[in-house]
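*Asks:* First, the structure itself, so that you have it in front of you.
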Amino acid sequence: MLCWELANRRKRIGPNRFGFPIAILTRQQLIEVLYTALSDKSKVKTGKKVVRIESEERRITTWTEDGSEYEGELVVGADGVHSVTRSEMWRAADNQQPGFIQEEEKYSLSAEYSCIWGLSTPVPGIRQGEQIIRSYDRLTFLIFPSQNGCLGWFAIQKLNRKHVYPDIRPFSQKDTLARCEALRDLPIWNDVKFGDLLTLTEVCAMTPLEENLFQTWNYGRILCIGDSISKLTPNIAQGANTAIEGAAAVANGLHQLLHHNGLNQPSYDEIQEVLGRYSQSQRKRMKKLHWISHMVTRLQSREGLINKFVGRYIYSHTGNSTFYLTGKMIAQGPVLNYLSTPKEIEIGLRASFDQYGKDGGDMPWKTTIMFIALLTIVVLIYSFI
């Protein structure tokens, strides 16, 4: 079991590493902030579910459920794990270049875990700002602070078998309630049990946790980003972050192309070059994050003999390494390179990570040694299997 007093650490480490204090907010709040800051809101169309995309060499056209039609140069799909954009990209490739998308890729999405997530009002026994990871065999509780002492939480549990797309069914409210009741009496932190969170929960749902890094990210004038092409579990909390990174990296490539072309319309081949370069570089980064996410998910749920041993006897002694390593992962991501970087970020995010662990919140030497020991044990055990 791990617990951080995030409220105190974010005041000290946040400005040193990122240039600004760390703030915790819901995705809805983030979207509201971003939307409010838009100078031209007319380009944001809500209630426009895309049902069809036709990609041609000179143009691309999308049709929505309400009959609207939009024509342009490029479609970037950030429409989640059940992506219509991805399906339409596959359809276009199958029609225009049969065999370009391998059949095994279309069935590479799978789920081995489920996740119950919820938002609770302040729970007595959990102090404001505390972030908790509680591990059991085949089960992990993640509790993190939100605004005004409220708590966001995940209960991530190993499924009885691996489900492969399209055999990944959603869970009903009845499934959610039954699973919650089965976990109600499990301790979370000191005298706090999972049932104490449930009693104060305002919203709760259950979903399968799909995992996959697709091979093909773009075809024609179609590009996929975020969960539509790279689906992580929430254990390392990088799903939304990497989707935003993807949008930034695409914007960098397009800005460079438009700046180079001036008033000339980008050609089909030029757009292909930008999309291909983006897919290659971002997929390389995501491959590393997928490996980390896969490993952490199974370590925290103590899946298998190795993870059970490491999870019980080593992981709980690694201190704040997760906090620091997550910060380093974020620092290595792309940023918008055509906007001036605020001085605070330039100093905090770039310079401090060049000397990782030597700024205002250095990683304890005991933690470093513990992590080296953990990795050594894992490598040795795997070498004899």
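Cβ atoms here come from the backbone N, Cα and C positions, even for glycine.
According to Swiss-Prot:
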BINDING   ARG27, ASP227, ALA240  FAD binding site
CARBOHYD  ASN320  N-linked glycosylation site
TRANSMEM  365-385  transmembrane segment
*Asks:* Just jot down the residues in the same chain as ARG27 (FAD binding site), at least 6 apart in sequence, with C-beta under 8 A of its C-beta; none if empty.
*Replies:* ALA240
*Asks:* Setting ARG27, ASP227, ALA240 aside, what same-chain residues sit with their Cβ within 8 Å of the center of the Cβ atoms that define the FAD site, listed in sequence order?
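*Replies:* Same chain, not in ARG27, ASP227, ALA240, Cβ within 8 Å: GLY226, GLY239, ALA243.
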*Asks:* For ASP227 (FAD binding site), which residues in the same chain are close in space, meaning a Cβ under 8 Å from its Cβ, but six or more apart along the sequence?
*Replies:* ALA78, GLY80, VAL81, SER83, GLY239, ALA243
*Asks:* I'd like the number of other C-beta atoms within 10 A of the C-beta of ALA240 (FAD binding site), please.
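*Replies:* Cβ-Cβ neighbours of ALA240 (FAD binding site) within 10 Å number 14.
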